[in-house]
Structures are given as structure tokens and as C-alpha cells.
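Asks: This is the structure, below, for whatever I ask next.
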Number of protein chains: 2
Amino acid sequence: MKLRLTVLALAAALLLPAVFPGQGPRAQEPVQKQVFEAGSYRTRGGGTIANTRVGYQTAGRLNEARDNAILITHFFSGNSHAFGRLGGPQGPVGYWDAIIGPGRAIDTDRYFVISSDTLVNLNVPDPNTVTTGPATLDSATGRPYGLTFPVVSMRDFVEVQKRLLDHLGVRRLALVAGGSMGALQAMEWAAAYPEMVARVMPVIAHDIDPWNLAWLDVWEAPIRMDPNWRQGDYYAQGRQPPLAGLAEALRIVTLQSRDRQWARGLGMRPAEGNDPARNLLDRFAIEKWLDDAATARARTSDANSFLYLVRANQLFFNEYDSPEAAFRRSQARWLVVPTANDRVFPIEGVREMVETLRRVGRPVAVAEVAGPLGHLNGVANMGPLSDRIRAFLAE
Amino acid sequence: MKLRLTVLALAAALLLPAVFPGQGPRAQEPVQKQVFEAGSYRTRGGGTIANTRVGYQTAGRLNEARDNAILITHFFSGNSHAFGRLGGPQGPVGYWDAIIGPGRAIDTDRYFVISSDTLVNLNVPDPNTVTTGPATLDSATGRPYGLTFPVVSMRDFVEVQKRLLDHLGVRRLALVAGGSMGALQAMEWAAAYPEMVARVMPVIAHDIDPWNLAWLDVWEAPIRMDPNWRQGDYYAQGRQPPLAGLAEALRIVTLQSRDRQWARGLGMRPAEGNDPARNLLDRFAIEKWLDDAATARARTSDANSFLYLVRANQLFFNEYDSPEAAFRRSQARWLVVPTANDRVFPIEGVREMVETLRRVGRPVAVAEVAGPLGHLNGVANMGPLSDRIRAFLAE
């Protein structure tokens, strides 16, 4: 029950279609959340995480050549649940259910598909997320790390995933694909382990530029402003977590991940019983909607983890002289999937990235994802790209 | 000296060109700030403001027919200083200096040009801004209004300007022009007093839609979160104003009013002496730039006025059934000036507005303003549109 509520809250926050596409080519199969114990991990920045654990799920089977694996990397507020019915035949389906499953574009009858929770995952209070981050107990002190947790980068996410793939016996990836922050991980993979990655599909993202970096800081600022944040030291019993700041941070993300067309559905009308033309603190309906969605989402999220996630995004490609230098390392084929009216990663930035990829000689194709949601089209509306993805995997 | 510092802070926050175009067709003339006592004003929402005062400035002379007047309406964080050297021949020039002045596109040799401070103007601590809003002393109590000040709408801004124009003897406006929130006022003018407005030039704006309305709420949220805000009751001696919340609000506005190309100038590098790859609270250079610009700007701004300004923007066209109904009332010629990569009023929204204007039969032309600044191109880069504006005024 708790699971279902959590997933419904997530779906509400993402405005996923109310009806999930449960009848694909074949019914979706159940998946089970598993835990990978990665052991002691030394971060790229030189910190140490004593006991590193992340959750993951798989579907399909690894072939004898161990080269039919596909890695799905999740977005900022997501977790490993990209495909399959979680927990049983009646469980909720994953966010990319439309393109991953038996007989679907990313066919679990042919591929061994893996998706893992990242380090410093946002969904700490969600029982279906397993992560290691500032809310994790530090075995040295018996208390949560808080801000003593080392800074991690997008590359650190990849390194922990690499350990997971080694553990699973994967030798080569037919594809790494993800939306938004998932795309960032996919791009880091292509640069970090070029010999291992045959194809990359970054969806609704380009390389993080200074503009994105500054917006990420705008996202997190309300958390730092919340008096309950206490420099990250809010886990002790009797203390309140900075839910107001976290909700405000999530409100900004929620709005920027959508678009004008979506907003029109809520219109310019006042919230019920409110009169904003006369009372300064009264609310409009769209404000109330964002308040409610973000407040619900804050309850299944952790504020410090939000800050660490922001920093990991800001440290995208931080080990390379330039995005071009990173792209030059890649040996993969690229299918880049932008969406028009993306307010997080503007489509002209994606076009610039494609030009850079072409300039350094990477094989790259572009397929747009459409819809009224803006950035979130890349999470909620991928179904129509199925044939294009199938063709990409056959190249 | 205080004046110069204030104006420099404003210029820094706006990233105006370091060299002002002081040598136009003819040297810019000094302007003096004046005060208009509008008396008791009943707001459109039914509230009362006992003593309404706003600052204004003029250049040129009203002709005998009293129909050569042009009204310039200011942007969100601006004031009446759109043109002229304020205070004397060495004073700073206005933000639209490139297009307003003797011999310029909006020629003060031919036109009587007026610009006024709005109600609830943001720049309360600036000695060159005269406004009436929540920081004004309520004569009934002898204390600042705070949140007892009535909510005002964009239409209220227009009504106070109407009184000023009546006071100055203006019968007809050859043009109402403004950028961003100034464009909103210009559009309200065209709908409220259609017989009075011959031409409208809304720059870098479309009618406020639900998407804008929600972003305005994101802008103001940090003020409401600041414990020093105290529900608007922070004016009493010994109390601190909510400067942190106000600075964060201004930081969001500052970033959204710019663009990716501008951000590249600051790059992905850490702020001096900072190591964000290792220390979670360390800063990047672009974050530090935004922090500094916004903190400086907060000192010349008032937090409650920010909230009232946001609401006035949200109440744009609130007396009409739809933007179309408002546009239908207009009898003016329109020159609509958008800019590509505008992150506040996306250019596709401006295109939709132009379609609506055409559908209802308004004569409308479009001229794009260019530059690397995004939204702010419409404030800082108007010079190249001079000939187009001249032609528009000759139509």
C-alpha cells in the first residue's frame, strides 16, 4: 500500500498519463528490486564511502558473449524503476514502460536490461529506492553522514554502475540510454568506457553548460534557505527536515520540466475559495497545483540528497578539458533525442551538441520526441519513437 | 554620489554595455525627476490609497493639438529613467537612451515623452524612485502599510498614469512603448483607452499566460520563505528586512532574464579559492556572480513591493474575458518586438500573440531585437531598431 501511494505520488508529480500502457506487444513482466553491495568506494574527488549500496533491477538474460546488455540510467528525481511491473503482476509499471519490455523497442526477450539507483538518490524515504548518500548511516559514527558525505560527480555514478555490471558479468553494452540526468550518465559512460559502449541514446539533454549549472543552483537554493536545514544536520530525532525548502526546490524543478501548453490546462483562474485580485497571499489554481504536487513529492525525498544530486550534475564531464574532448573519446553510435520547448535543456543546445559530435566524427542521428509536456516528453511520451529505437539497435 | 552608486549597481545587475551610447545624433539632455501627487485613488479591486504619489520625467514639448505625447512604461525592476541624463549634464543616461532623445528614433525634438514610476515600484530605497506601495506610510496609522496595502493590478498602474497624463494635458498618445512589464502596461493601455492610443510597441513580452503566472510565483517564493519577512511586517526599527529572500528572488529574475550565451562568459570554473568538486558548499564562478549582483540589487529594493509587483503582473488583463477580447478593443497600430532565446517570454508565445492580433484584425508588424543577453536584449540592445521605430512612428 505504501508502495502504491509512493508511486502514485511520483506519477502525479510527473503528470504521467493516467492510463499506463499496460498492453504492449506482450504483457509486462514483474521485476524485483535487488540490492548491489559495492563495498568500499573511493570517489573521483578522493573521498571514501565505506559501504556502498545501490538498488537495481534487471530483465532478460545475458547471452554467452555477454554483449547483449543495455543499461538504463535514471533522471534527477527517478530511480531504477524504468521498466517492468514492480513487485508482482499487479505492480506499477516503469517510467519507460512504453519502450522497454518483451517485444518492445528495447526488447527484454533479446537484451539483458539493467537499471540501477544512483548514488545520492533523491527518494530516500521510498522503500523501493536503495542508495548511499548523506542520509546513509556512517559506520564510523553510527549517525547519518549529512554534509560529511563526500561530494560525488556524475562520473562517480558511472563508476558504481561499472562495478554492478562487472558483478553481473556484462562485457559490453549494446546501448546506454537515459532521459535528462540519465542522458548525462549515458554520455559519461560513452567517454569513460568507450570500448564497452556500442550505442548511446541521450534523451532530453545536452552536456551541462554554465546556464544549466546556474539553474541547478537556483533549484537548490530554497533548501539552503530553510532554517530547518541546519547545514544538513537535520536527521536527529526530534528535528524537522527542511520540507518547506525541499518542496520549493521541487516546485521549481516541476515547473521548469513542463511547458506553456501544460500550464494552459490549469489556466489563470484562482484556486478554489481564493481571491488573488484582493488578497495578496491568496493563490491561483496553478500555484496551488504546484504547491500540492511538490509538498507530496517532498515527503518521499531527502533535502541533502537534492544538494548532492545538484552538485553531481554540475560536475558533469568535470574530468575532461571540454565536452568536445569527452565526445572525441566515444566509440559509440549516437541517437540524440531532444524535444521542442524543453525549458531545462533548450533544443538549440542539443543541436549545438550534435554539431560538436559531428565535428569530431561521431556517427550521430537525431529523433525528436513530441508532446505537450516540455522536458517531460522524454519521460512520458517515448512510445512513438519505438521504431526509430529498434532501427538504431539494428544498426 | 549615492545616486551614481545606485545607478551603477543597476547597470551591473542589468549587464548594460559598459560604454553608454552618449554620442547619439545629438548629446543627451538632462532630465529632472518630478513628483506627481495623484491624490486619493480607489483601486480596481476596491481598495483605497489615500495619498498616491509617483515619480516621472519628461522631455520635449506637448504640441497645441496635445497629440504628440509618447508614454514609456518600465520593466519589473526599472523606474522612470528611460531617457536623458538624470540630474545634470554629467548624470547617467536612461536604459532606452539608444532610442529616445533629441534626433533619435523616439525624437524628443518632435515628441513630448513621458515616463513614470509605477505603483508598488521595487526600488523603494533608491532616492530617484518615487512610488506608493507597501513601504509607504499609511497616514491612518503613521506606519508603513505592509500587507495592508491593497492589491493592485497592471490596470491600476495604467489608471495612475492616466491621471498623470490628464494632469499634463495630454489628449492622445502617438505611442505607448515598454519592455517586459512595460510591454504589459502598454498592452493594458491599448485595451483600456483605445481611442487615446495611436500606436503600441510591446517589447520582449506577450500577454501573461498561466506559465508566466507560475514562474512569477517561483520568483517571489524565497521572500515568503525568509524568516525576516514576518508576513510583511519588517519595517519597524530594529527589524531586519528579508534581504536573503529578496536577493534569492532577484537571482532567479536575473538568471531567467539572461541566456546561455551570456552564461558562457562566466563558464564552468569554480569561484576563486573554491573547490566545488570536493566541498559541497563551495561555489562556481557563475553562482558567485549571481550572488553578488543579486545581493547588491537587494539593497536598493523592497521585498513586499516585489510581492505586490508579482501580483500586478499576474493580474494582467484580469478585467477581460481573454487576451483576445482585450486585443479586440485596441484601435492602435502594433509593432511587436520579441527576441530569440527569451527565457521569460518565449518567442513562440509572442508569435501566438501576433496571430491573435491578426485574427482580430489589428494592424501588426514584428521586428526582432538581437543580442547575446536573452530577454534583456529588449532593454540593452534596442539601438539597431531605430530606423524601424522611426518608420513605425511615421505610419
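For all residues, glycine too, the Cβ spot is worked out from N, Cα and C.
Just so you know, TrEMBL annotations never went through curation; they're auto-generated.
What TrEMBL shows for this protein is this:
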SIGNAL    B:1-21  signal peptide
DOMAIN    B:153-353  domain 'AB hydrolase-1'
ACT_SITE  B:Asp342  active site
Asks: For the domain 'AB hydrolase-1' (B:153-353), what's the model's average pLDDT?
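Replies: A mean pLDDT of 98 is what the predicted model shows over the domain 'AB hydrolase-1' (B:153-353).
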Asks: Restricting to the same chain and to sequence separations of six or more, state which residues have a Cβ under 8 Å from that of the residue listed as 'active site'.
Replies: B:Ile204, B:Val350, B:Gly374, B:His375, B:Asn377, B:Gly378
Asks: Where does B:Asp342 (active site) sit by DSSP, helix, strand or coil?
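Replies: In the DSSP reduction, B:Asp342 (active site) maps to coil.
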